[in-house]
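Colleague: Would you mind keeping the following structure in view while I ask a few things?
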Amino acid sequence: MSEKLFFKNYKMGLGILAVFFIILSIVVYAYQNVFLFRLLRGIICYTTLLYLLIAHGKNIQKWLIGFLFFYGASSITTVWYENSIMASISMILNFISFLMLLWYIVPKFNLRKLTKTFTILFILMILVNGYLFIQLVELMKEMTLNYTQYVFMILSAFCGILLAFLALFYNHFYNTAQSMAFTLLIFLIIFAEIFRGIGYYKLTDSIAFVLLARVLLVLSLYTLVHFSFLDLKNPKSLITDIT
């Protein structure tokens, strides 16, 4: 693994790619090429997947392949997001990609270690974030094209809340660079999704939020790659739960 291409200097290579995709996204958006801007999101996801396939080879984590594949597919289908069927497909794929993240983190969760503090935290997160997510989705409800799109939008929102809680729980009990990277990854993805929705549905200054969402997407995938290296360097993390 340590002999694989990109391993020793992957942070520098990723940094260059990240800056390139951010600048390219800004330029494309400045020229108001909506088709290419949306397509570029999927290209960024699949570039990340290709990078990891080259770097990790057969050692690449299956949940990671699943996440990038479905997240990239969801991104590409947004090219035709104004079409009712494609909008539904996009949201379904987005939800499946979130399930891939749960595939990694759920096995590490142990109810026996759920303290009163985290129980209270979980309830507060469900109440506060759930309310905020529902309010945001309700604002978008009239703009959605069909009921299926709306339902999977809600499912993705609640999946995001669950991921946030599990990531915090995971980081609290492991408290390692690996757990911190995963937690950062989850929150970057969540905010990227929120800002993308705000920008797309023009709930406020759309330009700022659209570009901010793209920057957060790139940073989240940078963090994902970094986490994947940490995860493979600590194989015990793949089989050990929080006990």
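In case you wondered, yes, glycine gets a Cβ from its N, Cα and C as well.
According to TrEMBL, the protein carries these features:
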type: TRANSMEM; residues: 12-31; note: transmembrane segment
type: TRANSMEM; residues: 37-56; note: transmembrane segment
type: TRANSMEM; residues: 63-81; note: transmembrane segment
type: TRANSMEM; residues: 87-106; note: transmembrane segment
type: TRANSMEM; residues: 118-137; note: transmembrane segment
type: TRANSMEM; residues: 149-170; note: transmembrane segment
type: TRANSMEM; residues: 182-201; note: transmembrane segment
type: TRANSMEM; residues: 207-230; note: transmembrane segment
Colleague: Any contact between the transmembrane segment (37-56) and the transmembrane segment (87-106)? By contact I mean 3+ C-beta pairs closer than 8 Å, pairs at least 6 apart along the chain.
Modeller: no
Colleague: Find the member of 63-81, 149-170, 207-230 that has more C-beta pairs under 8 Å to the transmembrane segment (12-31) than any other listed stretch.
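Modeller: Comparing 63-81, 149-170, 207-230: 207-230 has the most Cβ pairs near the transmembrane segment (12-31).
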Colleague: So which residues does the transmembrane segment (63-81) touch in its own chain, when a touch means Cβ under 8 Å and the partner is 6 or more beyond its ends?
Modeller: 35, 38-39, 41-42, 44-46, 48-49, 52-53, 87, 89-91, 93-94, 96-97, 100-101, 103-104, 200, 224, 228
